[in-house]
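Enquirer: Structure provided below as structure tokens; questions to follow.
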């Protein structure tokens, strides 16, 4: 779309004229990039012709299409401060992976889990740095609007373009499936609570757990006896009606299908702007989650016992052969490589990109480490075993506080999947209602199938993370770097060995997910 800038700020001083020109140029480049994320008819990311943000305003965009205004955080010419840039990266990376970090530490062992979080953070940061530098190594005059998939297309042709699309879809669909499982879980618990409250039913779950006000439960320990959603009624109520409710309100067999009636119509909307307004709950939910973990740990205390290689009834060894399950989760937890160029290109001081990216990764790793270590250490063993830590650690608490965490992003993820896939095939993110409906039915079908037959978010996260991470984290950044060095005649043997080793690590990470 054409943009018109009123020449009210243009003065006779050459420096001021250049600043205004640079401001308009930077704005046009940003608008051009974000307009590619929507259909031509969608105005969610397209500013009106007569509107240009004032010099003291900046609108921060997330990869999901969310925009929010940050005041007094720019240099007055549309560039983000380092603080805003760091926050953007942190906010974009934080997701449902945080719910599976304590489970991953349990699978790897406490000591090896901490080591792996640190090592994976460093490794993915280095690969992310290679992604940022990849565009700068292309000998073209203007690559300012390029993202990493464009870089892949430059080096690998149509194969790079389509393979990057496929691996991006793996991460998006994987995230959507996880949200469907989480929302099924939340909807089930909410419906059950309402039914019990309305019918004045006193129900005690057949799930082992601790006593007291800070109850911790072990749902997996009851799975061998009765389904997790079954209950025993001790007092008033119609037993026949209760059993009928239990039959029609089943956690895996019925509730995932009920979500279709709510979410499928939302996914078929042309614009995600209404739902994007709720994305701010993502930051609130992470802050709330850290607060909740801190309070729980303060009440439960620390329960640790170091058994380096042997396992007992209540504790797990410090080092376990199942550690690749944690690396698979961490690959997605630290995944930002397909959009990091966009997040950094509007940094006020481009020379600080490496520093700001490193600080953001440090804060993300610190958040994951804090939540994972605190939950694992405070889990009450005894009386419960550390093996009871669930793939979604919130399932270890009889609480429905995950509403803001699970209900905020799914329609946006579905919209972004539609934009990426349909635009590649038909050149339009909304070619017709029929095309969009077919795509959404396929995505919803995948979510329902997983919630029905494999409702394990830890497994879904590690499989999708290791798959998309193989391309965007390990293979493409290393290959592009080696090709660039080779073309410049600067490829050395140590650089070749190191980056081939990184590629092999990514391949081993993916293979291990299917062997353990």
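Backbone N, Cα and C define each Cβ position, glycine as well.
Computed from a predicted structure; not experimentally measured.
Annotations per TrEMBL:
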- 81-192: domain 'Amino acid transporter transmembrane' (DOMAIN)
- 83-103: transmembrane segment (TRANSMEM)
- 109-129: transmembrane segment (TRANSMEM)
- 162-182: transmembrane segment (TRANSMEM)
- 253-269: transmembrane segment (TRANSMEM)
- 281-302: transmembrane segment (TRANSMEM)
- 322-344: transmembrane segment (TRANSMEM)
- 356-377: transmembrane segment (TRANSMEM)
- 402-421: transmembrane segment (TRANSMEM)
- 433-454: transmembrane segment (TRANSMEM)
- 460-483: transmembrane segment (TRANSMEM)
- 495-515: transmembrane segment (TRANSMEM)
Enquirer: Between the transmembrane segment (281-302) and the stretches 322-344, 356-377, 433-454, 495-515, work out which stretch tops the count of Cβ pairs under 8 Å.
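Expert: Result: 356-377.
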Enquirer: Considering only the recorded stretches 253-269, 322-344, 356-377, 433-454, 495-515, state which has the highest number of Cβ pairs under 8 Å to the transmembrane segment (460-483).
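Expert: The stretch with the most close Cβ contacts to the transmembrane segment (460-483) is 322-344.
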Enquirer: Contact between the transmembrane segment (495-515) and the transmembrane segment (253-269) is defined here as three or more C-beta pairs under 8 Å separated by at least 6 residues; is that satisfied?
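Expert: These two stretches do not touch.
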